[in-house]
Amino acid sequence: MIIGIPKEIKNNESRVALTASGVFELKQYGHHVLVEQGAGKGSGISDAEYESAGAEIVTDPHDIWRQAEMIVKVKEPIDEELRLARAGQIVFTYFHFASSIVLTEAMIGRGSVCIAYETVEKPDRSLPLLTPMSEVAGRMAVQQGARYLEKPVKGRGVLLGGVPGVPPGRVLILGAGIVGVQAAKMASGLGAHVTILDINTDRLRYINDILPPHVITQYSSQYTIRKLVQTHDLIIGAVLIPGTKAPNLVTRDMLKTMRPGTVIVDVAVDQGGCVETCVPTTHENPTYIIDDVLHYCVANMPGAVPFTSTLALTNSTLPYIINIANKGWKAACANDSALMKGLNVVEGKVVYRGVAEAFDLPLHDVVEVF
Ligand SMILES: NC(=O)c1ccc[n+]([C@@H]2O[C@H](COP(=O)([O-])OP(=O)(O)OC[C@H]3O[C@@H](n4cnc5c(N)ncnc54)[C@H](O)[C@@H]3O)[C@@H](O)[C@H]2O)c1
């Protein structure tokens, strides 16, 4: 199969969808890999390294989209990429369709086979291609939150760890999944007082077992959230209902009850955010202020640490890429229920319930596309 790796063009996105070692593996199976010139630069992978692993370096992205049977990316196609995708071409990347009608309609129109990393789901309901980036984003959320709590960048002026004789900062984490646990681990490691909420009591039990006693677990409810936001310095949004828009757990009216300089890091922004006032931002302009509350809502947080993120992502995606390349998407999905769940929009038909429901579009049974 001809596999294309375009350079990511989203603002400040320096990750790349395949490493030189991934190219080498695909070559072993007889596949041909086209890598756009400079695609790996931001992650420390040179064109020469790709070439020595067996890739063909291509200068014009149009050539990659025209020739490749499968495009492997990191972020959803944007701008011109939306016009380059072809009918029947496999596009394997993060799509997060439910948060964008524009993207959904565009990919329906292109007729490509869109397999979304974020909905590949194992029988135990874990999301193997979301996990590595969630681990990065969860850890980063605390790093960013700690930074924006500093006064010169308009935060409350609180040191998360406190110092001897001064109480630590208070961190509220909404959602105790992968992002939530990693954030709790980092925040508690800094010495902050941490409260973490979820509606899944098994997750709360797990956290209670593995994290230190200054991480407090609480069942998530509107009533509890309304109270807790008033006393916490850093609020991290980390909820997910797979394939659908995140629920608005922090509503606009709650902002006025928070202390000035409170920081919200809404990691769930890529699913529409779990804070009503969440608007996607970029690494260039990551924050904005509403009612004296600082919002950080960067939709591609791991893009800021590409050396770490590219390796973490490709460790997880490569086995799926190899499987699709070796068998074709139909056989690969038929033999792997996790990959089958990644099918979102296939040749113009929406086959993923969460996407159809988000925009009231007709839902096609996945068997129709085989
Ligand atoms: N901004 C970024 O760069 C970035 C990077 C990675 C992941 N994410 C996003 O972060 C979000 C979380 O990802 P994850 O991997 O931790 O998901 P996850 O499925 O592991 O965890 C989500 C948790 O939210 C909980 N939840 C659902 N409804 C809730 C509610 N009402 N109150 C409290 N908890 C609730 C679930 O029970 C689950 O434990 C996702 O939207 C994901 O796309 C964003």
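Placed from the backbone N, Cα and C atoms, the Cβ positions cover glycine too.
Following the DSSP three-state reduction, the secondary structure of His96 (active site, proton donor/acceptor) is coil. Feature annotation from TrEMBL assigns active site, proton donor/acceptor to His96 (among others).
The Cβ of Asp270 (active site, proton donor/acceptor) lies under 8 Å from the Cβ of Tyr94, His96, Ser99, Pro280, Ala299, Asn300, each on the same chain and at least six residues away in sequence. The active site, proton donor/acceptor feature in TrEMBL is assigned to Asp270 (among others).
Annotation comment: TrEMBL describes Arg15, Lys75 as substrate binding site. In the three-state DSSP assignment, the secondary structure recorded for Lys75 (substrate binding site) is coil. Every protein chain shown contributes to the tally, and the Cβ of Lys75 (substrate binding site) ends up with 21 other Cβ atoms within 10 Å.
TrEMBL lists Ser134, Asp198, Arg203, Ser220, Val239, Leu240, Val267, Ala268, Val269, Asp270, Val298, Ala299, Asn300, Met301 with the feature NAD(+) binding site. The number of other CB atoms found within 10 A of the CB of Asn300 (NAD(+) binding site), across every protein chain shown, is 24.
Positions annotated as domain 'Alanine dehydrogenase/pyridine nucleotide transhydrogenase N-terminal' by TrEMBL: 4-137.
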| query | Out of Arg15, His96, Arg203, which of the recorded positions has the smallest number of neighbouring Cβ atoms within 10 Å? | reply | Arg203
| task | Provide the number of Cβ atoms within 10 Å of the Cβ of Val239 (NAD(+) binding site), excluding the reference atom itself. | result | 24
| note | Among Ser134, Asp198, Arg203, Ser220, Val239, Leu240, Val267, Ala268, Val269, Asp270, Val298, Ala299, Asn300, Met301, the record's NAD(+)-binding residues, the widest C-alpha separation in angstrom comes to 26
| request: Tell me which recorded positions (Arg15, Lys75, His96) have a Cβ under 6 A from ligand 1; sequence order is fine. | output: none
| query | Hey, how far is Val239 (NAD(+) binding site) from Arg15 (substrate binding site), Cα to Cα, in Å? | reply | 24
| task | Could you state the whole-number distance in Å separating the C-alpha atoms of Ser134 (NAD(+) binding site) and Lys75 (substrate binding site)? | result | 14
